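S.K.: Just lifted these from TrEMBL, have a look:
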| type | residues | note |
| --- | --- | --- |
| ACT_SITE | His451 | active site, proton acceptor |
| BINDING | Lys56, Gly120 | FAD binding site |
| BINDING | Gly187, Ala188, Gly189, Tyr190, Val191, Gly192, Leu193, Glu194, Gly278 | NAD(+) binding site |
| DISULFID | Cys47-Cys52 | disulfide bond |
| DOMAIN | 10-332 | domain 'FAD/NAD(P)-binding' |
| DOMAIN | 353-458 | domain 'Pyridine nucleotide-disulphide oxidoreductase dimerisation' |
Amino acid sequence: MESQTQIEDYDLVILGSGAGSKLLAWTFAGSGKRVAVIERKYVGGSCPNIACLPSKNLIHTAQIVSDARRSGVFRSACSDGFAVEMPRVTDRKRTMVKGLVDAHLALYKGSGAELIMGSGAFTAAKTLKVELNDGTTRMLRGENVIIGTGTHAKIDDHIPGMLTARPLTHVEALELDVLPEHLVILGAGYVGLEFAQAMRRLGSRVTVIDHNSHVLHHEDEDVVEGLHSLLIEEGIELVLNAKINGVSGVSGKSVLLHVEVLGSPMAIAGTHLLVAAGRMPNTRDIGLETAGIELSHEGFVKVDDRLRTTAPGVWAVGEVAGSPRFTHVSVDDFRVVHDNLLGGERTTTGRQVPFCLFTDPEFARVGLSEKEAVAKGFDYRLFKIPMAEVLRAQSVMETRGFMKCLVECRTDRILGFSMFGQGAGDVMTCVQITMLGGLPYTALRDLMIAHPTFAEGLGSLFSSVPTSS
Ligand SMILES: Cc1cc2nc3c(=O)[nH]c(=O)nc-3n(C[C@H](O)[C@H](O)[C@H](O)COP(=O)(O)OP(=O)(O)OC[C@H]3O[C@@H](n4cnc5c(N)ncnc54)[C@H](O)[C@@H]3O)c2cc1C
Ligand SMILES: NC(=O)c1ccc[n+]([C@@H]2O[C@H](COP(=O)([O-])OP(=O)(O)OC[C@H]3O[C@@H](n4cnc5c(N)ncnc54)[C@H](O)[C@@H]3O)[C@@H](O)[C@H]2O)c1
């Protein structure tokens, strides 16, 4: 193959093919623009390949295993003595990912957007050099350029022995063909907790370590307590308030973590180490400085509320732009850039970001937590019911958790909704729509909701007696 040194001109050049990027590509290419997307490895970005969707596939398999093991009723429905075969668990995930990648390739073909597999870096304003995976190079220039390079797992190389321990990140943890005998997870955040429960349910011994005093530490106390007892009941060991002083051994064989818990030394041994301690932006070695693209203090691509970078005609979307770390936010970044490229003035200001932790049961929140409402000085009434009062939860005998809602005293407006319980992500969306419509909480209280759904619990929630802040 020959390298192309002449610059090729496009209407839109996109670096990285994540959620916001691909939607921009397909939409603009579909309307006749010349669009190129540069992607070094994952067609469609992290979500379908190494993050949201494969992790939910693993979580679902783990839930089936858990259901089969958990109760006499379920046990009698499956054959005796079943064993988890990790290669089959991972193959199921691989099949799902392959289907998603094929669907993406069809969308590229259908829209006319050109997908170029290789690594891109700026060499001048709005101009990128691509080192293609086939060994050739190309030079591309866009009238507009989008940076959507995402983030990668943060591995703290200041911790002695951490790098030589070759810890797993979510990428390798989703490719395991052997069930870890004892998985030690560093980080009790989103990735850590979702993996902890899934791997425990598949049969690993699991220890989760965090330097904070609580799991998912920024959430309200009742959420943290609910998650904490769920994990403990499932047999997960939690080591909180832990400072990691060093690691020895190699993940996959044996590892030993030297930690200090509130001043007392402790050694934690395991067979595998998974690091789930936050993210680092993919901004290195992509020539940002050459193209006049500045970084924020936190190291993300600096953008304004329309997602414009400091270089004219260059935009950034998704995690690399410092947007909240969820696929649906990257999708919304697409809307912002799309509208601005068409002459609109859509911004990221004030957008409501819902989220859902996919433990079983789920934890979901939209709007303010109690902690946040208090800090902001809102006068609110708190409606709260246990899941045991939701008829659907009773019918399936899954009554762990609660739903709660903060309602502003003066306006009856919903300030925030949190739920720890079965179906939390979907129930939250009903509340989110009510908030978006600016409706009072009574609209949900007096709504006829299909029986017996988890969302029906909203009627019970808003008919309960609230407490005041
Ligand atoms: C384990 C895990 C589970 C998650 N689960 C959820 C979930 O359930 N729900 C949710 O909303 N969010 C979830 N997230 C977060 C979600 O995955 C991210 O917020 C989302 O994928 C970010 O998308 P993005 O567009 O910013 O970047 P990405 O999707 O990461 O895309 C960036 C792309 O750029 C490519 N790239 C980088 N540099 C270059 C270069 N120089 N040249 C060419 N290509 C390059 C990368 O290969 C990558 O494909 C999860 C994250 C993890 C780690
Ligand atoms: N269901 C979902 O939507 C979902 C699932 C997975 C990931 N995500 C997104 O991906 C992002 C990254 O997830 P994550 O779990 O890597 O990060 P996180 O920020 O959610 O959690 C990181 C955890 O690691 C701990 N930690 C950091 N450094 C440490 C150290 N040296 N020692 C001990 N503990 C340490 C932190 O206290 C924190 O609890 C999340 O913020 C979330 O937005 C979303």
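For all residues, glycine too, the Cβ spot is worked out from N, Cα and C.
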S.K.: Within 10 Å of each Cβ, count the other Cβ atoms, then let me know which of the recorded positions Lys56, His451 comes out lowest.
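M.R.: Counting other Cβ atoms within 10 Å of each of the recorded positions Lys56, His451 gives the minimum at His451.
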S.K.: Given the binding-site residues Gly120, Gly189, Val191, return the subset with CB under 6 A from an atom of ligand 2, ordered by sequence, or none if empty.
M.R.: Gly189, Val191
S.K.: DSSP-wise, what's the residue breakdown of the domain 'Pyridine nucleotide-disulphide oxidoreductase dimerisation' (353-458) into helix, strand and coil?
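M.R.: The counts are 33 helix, 33 strand, 40 coil.
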S.K.: Measure from the CA atom of Leu193 (NAD(+) binding site) to the CA atom of Gly120 (FAD binding site) and give the result in Å, rounded to a whole number.
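M.R.: Per the Cα atoms, Gly120 (FAD binding site) and Leu193 (NAD(+) binding site) stand 34 Å apart.
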S.K.: DSSP on Cys47 (disulfide bond), three-state: which is it?
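M.R.: In three-state terms, Cys47 (disulfide bond) counts as helix.
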S.K.: What is the interatomic distance between the Cα atoms of Lys56 (FAD binding site) and Gly187 (NAD(+) binding site), given in whole Å?
M.R.: 19
S.K.: Distance between Gly189 (NAD(+) binding site) and Cys52 (disulfide bond) at the Cα atoms, whole Å?
M.R.: 14
S.K.: Out of these binding-site residues, Gly120, Gly187, Gly189, Gly278, which one has the fewest other C-beta atoms within 10 Å of its own C-beta?
M.R.: Gly278
